[in-house]
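Below is one structure; the comments refer to it alone.
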Amino acid sequence: MSKIVDILAREILDSRGNPTVQAEVILDSGAEGSAMVPSGASTGAREAIELRDGDASRYGGKGVLKAVENVRGPIKAALTGMDAADQAAIDRRLIELDGSDNKGVLGANAILAVSLATAHAAAADAKKPLYAYLNRSGEFLLPVPMMNIINGGAHADNSIDMQEFMILPVGAPSFREALRYGAEVFHALKKVLSDRGLATGVGDEGGFAPNLPSNEAAIGIILEAIEKAGYRPGEDICLGLDVASSEFYSDGIYTLASEGRRFTSEEFSDHLAAWVDKYPIVSIEDGMAENDWHGWGIHTDRLGRRIQLVGDDLFVTNPAILKQGIEARIANSILIKVNQIGTLTETLEAIHIARKAGYTSVVSHRSGETEGTTIADIAVATCTGQIKTGSLSRSDRIAKYNRLLKIEEELGDKARYGGRGAVKNLA
C-alpha cells in the first residue's frame, strides 16, 4: 500500500493559450504522478462541468485558480492517507466530496487532474508504464489513428460547417507505418491546397482550415491527396467524419450555413448516407444532434449495419447515458473523452459497458490540449483499437503519436495494430 502524502496543483496553459489545471500526486514511497486536463470547444450539454473563475481581469474570465485551490484544499485533505492503488476508492471519494451530479462544485478539471495523476503515481510506484499498469487482459492493441486533416466548424475560422474530416490508415501493417501514411497524406494535402491557392494555415487540432465551396469539397480534396501520396482510398486509407451536428441543429432543423441548405433529421440522414454510398467513409461521429434521439434512430437504422456511428456529444463518456443509448439501439460506438466524465474509473466503466454491448470505443483528445499523453496509454491499456488525437502538426497532437511509437517499440510482438478489425463494421 502506497499512501498519498501530498497533492500539488497549478494553473497552466493549454494549446489555445487558455488556463487549465495540472496536478501532482506524491506517495509515501517517493513515487510521483502528474496530469494535465484538456478542454473542449464544441461541448456536449451533459458534460461534467469545468470550473472557471469568471474574473474578467484575468484570462478573459477563463482562469482556473478556484479549481487549483480546490485541489490544494478540500481534495488534498480528503485523499491524504488513501491508497493510490485503489483507483475506484479515490474516484468515489472525489465524487462524494463534490456532491453534485456534474462535478460542478469542485470542478471536473480539478477532479480529473487528481484522478489521472493518482493513476500515474500508482503506476510509477508499481514500476510500470501507465498502459501496463491499467491493462487487465494481458493483451495490447495499438490504435488506428483517426487523423483530422481538415478542420471546420468550431475548430476553425473558415467556411466549413462540419468539424472534422479524418483519414484512417486501416491498411497499414503497424502503428508506425500508419503514422507514416498519415504524415505523407498530410503533406500531399498541403501541396494540393497550395497549388489551388487555398490557405494552408491550421486549426485547433492541427488540420488545414481552408475556405471551400462546400463540405463535400473537403472529401474530394482529401481523396486527391491520398492518391497523390501513393495510397488507395478505401484500401490503405479510409475516411471518417465528425459532423458535430449539434452545433448547427435548432428547432428540428440541420442548417449547413455555408451552403445555404436546411434539412430535417430524415433528410440529413439521407444526405450522409449518400456520402457513404459515394465515398470510402467508414466512421461518422455525431451525425445527429445530441438531443435528436429520434434522428439518431433513423440514422442508426440507415447506416448502423454498414459503418461505425460514434456518439460524442450524444453520450459524453457517461456510463448512464451510454446505457440509455444502448437500450434505445442508437449509434454503435462511443467517443471516450476523459474530461467529459471527470474520473478515470468512470472512463474505464464506459469503455467496459460499450464493449459488453458490442459497441466500439474511440479514445479522444480535446481541441484545447496539452503536451500530456495519458490518453495514448489509456487507448493501449484498454485495447479500444482507435484513437482520435488530431492531425500531423502541432506538438500537442504529435506528443500522443510519439508516445504511441514508444509504446509500440516497448511492447514489440506483445502488441498488434488494430487495422481494419478495430473499426465497427469494417472487418
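Cβ from N, Cα, C; glycine included.
When the candidates LYS323, LYS356, LYS388 are compared with the (2R)-2-phosphoglycerate site entry in Swiss-Prot, which names GLN163, LYS337, ARG366, SER367, the shared residue is LYS388. The annotation in Swiss-Prot ties ASP242, ASP312 to Mg(2+), and of the candidates under consideration, GLU216, GLU267, GLU285, the one tied to the same site is GLU285.
Taking only the Cα positions, the spacing between GLU205 (active site, proton donor) and ASP312 (Mg(2+) binding site) is 17 angstrom.
If you draw a 10 Å sphere around the CB of GLU285 (Mg(2+) binding site), it holds 28 other CB atoms from the protein chains shown. Most Cβ neighbours within 10 Å among the recorded positions LYS337, ARG366, LYS388: this distinction goes to LYS388. All protein chains considered, the CB of ASP312 (Mg(2+) binding site) has 29 other CB atoms within 10 Å. Put simply, GLN163 is the one of the recorded positions GLN163, LYS337, ARG366, SER367 whose Cα lies nearest to the Cα of GLU285 (Mg(2+) binding site).
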